[in-house]
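These features come from Swiss-Prot:
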type	residues	note
TRANSMEM	43-63	transmembrane segment
TRANSMEM	65-85	transmembrane segment
DOMAIN	456-662	domain 'FtsK 1'
BINDING	479-486, 829-836, 1107-1114	ATP binding site
DOMAIN	811-1000	domain 'FtsK 2'
DOMAIN	1090-1280	domain 'FtsK 3'
Amino acid sequence: MSRLIFEARRRLAPPSSHQGTIIIEAPPELPRVIPPSLLRRALPYLIGILIVGMIVALVATGMRVISPQTLFFPFVLLLAATALYRGNDKKMRTEEVDAERADYLRYLSVVRDNIRAQAAEQRASALWSHPDPTALASVPGSRRQWERDPHDPDFLVLRAGRHTVPLATTLRVNDTADEIDLEPVSHSALRSLLDTQRSIGDVPTGIDLTKVSPITVLGERAQVRAVLRAWIAQAVTWHDPTVLGVALAARDLEGRDWNWLKWLPHVDIPGRLDALGPARNLSTDPDELIALLGPVLADRPAFTGQPTDALRHLLIVVDDPDYDLGASPLAVGRAGVTVVHCSASAPHREQYSDPEKPILRVAHGAIERWQTGGWQPYIDAADQFSADEAAHLARRLSRWDSNPTHAGLRSAATRGASFTTLLGIEDASRLDVPALWAPRRRDEELRVPIGVTGTGEPLMFDLKDEAEGGMGPHGLMIGMTGSGKSQTLMSILLSLLTTHSAERLIVIYADFKGEAGADSFRDFPQVVAVISNMAEKKSLADRFADTLRGEVARREMLLREAGRKVQGSAFNSVLEYENAIAAGHSLPPIPTLFVVADEFTLMLADHPEYAELFDYVARKGRSFRIHILFASQTLDVGKIKDIDKNTAYRIGLKVASPSVSRQIIGVEDAYHIESGKEHKGVGFLVPAPGATPIRFRSTYVDGIYEPPQTAKAVVVQSVPEPKLFTAAAVEPDPGTVIADTDEQEPADPPRKLIATIGEQLARYGPRAPQLWLPPLDETIPLSAALARAGVGPRQWRWPLGEIDRPFEMRRDPLVFDARSSAGNMVIHGGPKSGKSTALQTFILSAASLHSPHEVSFYCLDYGGGQLRALQDLAHVGSVASALEPERIRRTFGELEQLLLSRQQREVFRDRGANGSTPDDGFGEVFLVIDNLYGFGRDNTDQFNTRNPLLARVTELVNVGLAYGIHVIITTPSWLEVPLAMRDGLGLRLELRLHDARDSNVRVVGALRRPADAVPHDQPGRGLTMAAEHFLFAAPELDAQTNPVAAINARYPGMAAPPVRLLPTNLAPHAVGELYRGPDQLVIGQREEDLAPVILDLAANPLLMVFGDARSGKTTLLRHIIRTVREHSTADRVAFTVLDRRLHLVDEPLFPDNEYTANIDRIIPAMLGLANLIEARRPPAGMSAAELSRWTFAGHTHYLIIDDVDQVPDSPAMTGPYIGQRPWTPLIGLLAQAGDLGLRVIVTGRATGSAHLLMTSPLLRRFNDLQATTLMLAGNPADSGKIRGERFARLPAGRAILLTDSDSPTYVQLINPLVDAAAVSGETQQKGSQS
């Protein structure tokens, strides 16, 4: 049986029905009467009696003539009595009550008329959606046939009869204080009005099949069938077979009651045939019907009571009272399935009533519903449909079938606006791209349909400039949330992209908020970029602005150069350029650039400076074929400035206020567009300023695309014979063959229409030019950066990352040039901004292109310890942390010695162009300081708030660059960089800062700091001083790709010179000759340059040594005694040793030398020594010439006092030297000790030494004379300071040497007890140090 395709059209609008609120004024209130007290009631009468009494008294006394003055007092009393009687009486008069009641009743009559008008509208709307069943026969073939779809509110709502329903309009009475005070008649009238008008009787009422799963119907068989026929008739009249299927199981299937169902297309089984055509979901056995429906029911989810727009709804009727539905598969609720069971089993009286599984009973022309405990009215007058009426309706519908190419589960309104239909595409999954992209006439270019108008005609969107007959170049679209703005934008873009190649059109989609719809176009070949989520990634907004400026400049330059080449002067527009191409000149095409700026008002709120950008591009773009569509949810005239003045066409979707609608389209119609998803995409287009708005609905392109299906089976019969068309399946005759075609093609996974088209377009033609490079969001491996930079080895240049230059539409390597003025570098960044990682990249990149003899690195790690990962790299000479102060000092010592060495060699200044330098083993040297803030706060105290080594860093920055010594530092704050150092740091790179206000990067005229655009979640991302974004390459230091071992393997046997440290135990032979001349002894090795430390006792004959126990004091004395004795004779040197603890008792002295450990011997020994030295003074009476030539005769005397703090400085209490102090004879000789041959060496404990220098006469004199001082190990908290230096916890033998110079020096003292086989270096201590 052949059928005609029914083409559904736009649904006719039903009569309007308001669902607002009618507010009713409350009835008038009567004043509450409060009875007065007895006294108040009696007082007027008492006053009246008093007045009469006064008058009688006046008359009785003979006052015949009463003056007015006499009557004044009675008159006042009369007024008071009247006031007391009437003053507080709140009781309303009867006339007043009657008047207020009449006014209110007249008001209620007006309200009643309004309510009745609302009720009439509601009834008319209900009758339109649910007409009487007798009127259904006139619907087939009309515009109303199959008008409902899943987006309509009455979809799958079947009329069941007429019932009393609540009024859709809410009736609300204004609040009153208390109903007791209301006027009774008015109150009663109001109550009567509300009780009567809140419901409407005899209104068509329906059953929503989406909210129920099984429906059980009881009652007399004929009435039940009549009711079900009415339900089915309503369902098949209003719903397309693609959205609703009907199935029936009845014993008397071929009877008059159900035989008519065979004519309906809704019962057909897709893809199955019998002898007469499509098979039908009709059966006499419910189980057989379930088998037919098995494939359809198998994959359906459980019933939820919610609409299922993506599933075809099934209405299954089981007319078999004896069938146990609860034991069948149909008892399981499934989404999109409603089962109606005609049953004869009444519910148990305690059976629970389930709203999703109603039990209905048809009785006496009405329908009742089972509620817990009994039957309740459900439908007052049930609809019934006779078998003849049903057969007539079914035959009228039998001639129609739904359109096999339409998806079915879409709005009837959008079916008429199908994207493929408007573009003439039969199958979007098999596009003829060459035909779609075929060259067009200019008047047809950029002109595409994007929807349908209110009359059903295609709405053409013409992007061309108005001078070329279009609507452009620029437009404005406004639509609130839910209005279909994204749907309309996608429709415009998909139409343009489907019909134009990248040689004619390219697109930039900029979405400030980051909607998902924008990403759908990312893979189209014409799409230059999809820029989304600019609200969170502010750098994207800056790149977008730079890209637009750059494209305008690029096109302007292209027109200028091409015009000069062709005609001698620049082309004024792309139109002239294309005319030159048409004239035969070989020029590359310039495609139209279509820019969609979605949510541009939000962009302007965060970036107000972009208003000028859009204005500039809009003005310049008119000639350069750059078209912009501005889209947003609202229109803020104060923010958009002159943008709206540059737009030609306007699109207004649903907006939030009439004023916005007037601003967009000139009238308020956009505000009055109805809300709801069924009205998404409805709007008005104003093609030109002042034109009449055109109402339209855009096509829906964001849904799943289902390609059209073709029949896979045909019926072949050799001898045609008539067959009886029955409801049940008709078996074919032996001569009939139902032949299947080829095997079913495997079904592709569901895909959206945009993705389906985009995948095909990507395989054709050229892609859009790369105007937009992706932002620096992806990590750049160091290996990739090295490959892209193309820098060769031994050029003293290496890449650090990439610089983003969106204006020029390219990325350039970020290259460090060691031989340039930017040879010193500072990296400024906040916490976790990637500073330490950047240093790793810097070192590894240099090491990848140079040998350890060409570049070497010395690192001070005050950061997170990340530089420690590079300590095994051959190019790294040392990595020192904050816990290694000695290594830090030695690093500076090595670099300063290198600087001094190169300064002394003038040839270093004459390095050749090839970088050749005198070979000192270092090459280009880099001092790398990670975290200058931490470095500057190290080695400080309350008097020295900055690290003294900062001055040495500043010296290297300002002087070292000319001698191949570079400084690379990182700092969290630019303020931490000393002023004297800043000018020497030629390269400044700024990473993300904690506060953008600390940034040093500025752009003249910009309203925002460029640092605001640096992402917070991307370490290594930053700005150059030119405000260009860059990204450091990642050093790739993971376990699998660690480059350290690979780089070291390329340079076997080569390494940067290490930082040499002082040995922890210094053997005498390690410093060479110990005795460098009279009174010149080598006592150790200096940390600064590892040179020997010479103690010149002739220049400064006084030496103080302080240190805690086992720090090396006595060991130094032992070394001095041995060295002097071994290189002197008894006639030249003599010793006086005061050793309280007998540590030096085994040291051999010269004969007759004084050694004592007895405190009683100290005073006579000092007296004898003082007399001896005093005798060396020149005698009196010598001339000046004699004095200048005079020298003392005798030996040099060494006074060695070990542990001077152990010798009491108090006067002797007994003996021959009573009252004398031990050091008094000596103190007077100390100032001339050098001239008189006296050398005094004292040692003492570190603890309390600062106090002793102020209290002990001997030590105070030493300090006054600036004696050479050695500060060995001591507790910094207990020992105080000596000449501004604090003791430190040092290894044994390590000391701070204080001389008359400004700076202290760390030294390692010689240990004479070290075994001769011990070598100089970081060896374990051999021999004791005390």
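Backbone N, Cα and C atoms are what each Cβ position is placed from, and that goes for glycine too.
Features as recorded by Swiss-Prot, highlighted on the structure.
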residue	record	DSSP (3 states)
G479	ATP binding site	coil
K485	ATP binding site	helix
G830	ATP binding site	coil
S836	ATP binding site	helix
A1109	ATP binding site	coil
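Note: S833 (ATP binding site) has non-local neighbours L991, R992, L993, P1019, G1020, G1022, i.e. same-chain residues 6+ apart with C-beta under 8 A of its own C-beta.
Most Cβ neighbours within 10 Å, among the binding-site residues S836, A1109, G1112: G1112 holds that distinction in the structure as shown.
In this model, the domain 'FtsK 3' (1090-1280) carries an average pLDDT of 91. Of all the binding-site residues listed (G479, G482), G482 has the fewest other CB atoms within 10 A of its CB.
All protein chains shown were included, and the count of other CB atoms within 10 Å of the CB of G830 (ATP binding site) stands at 20. Neighbour count (other Cβ atoms within 10 Å of the Cβ, all protein chains): 27 for K485 (ATP binding site).
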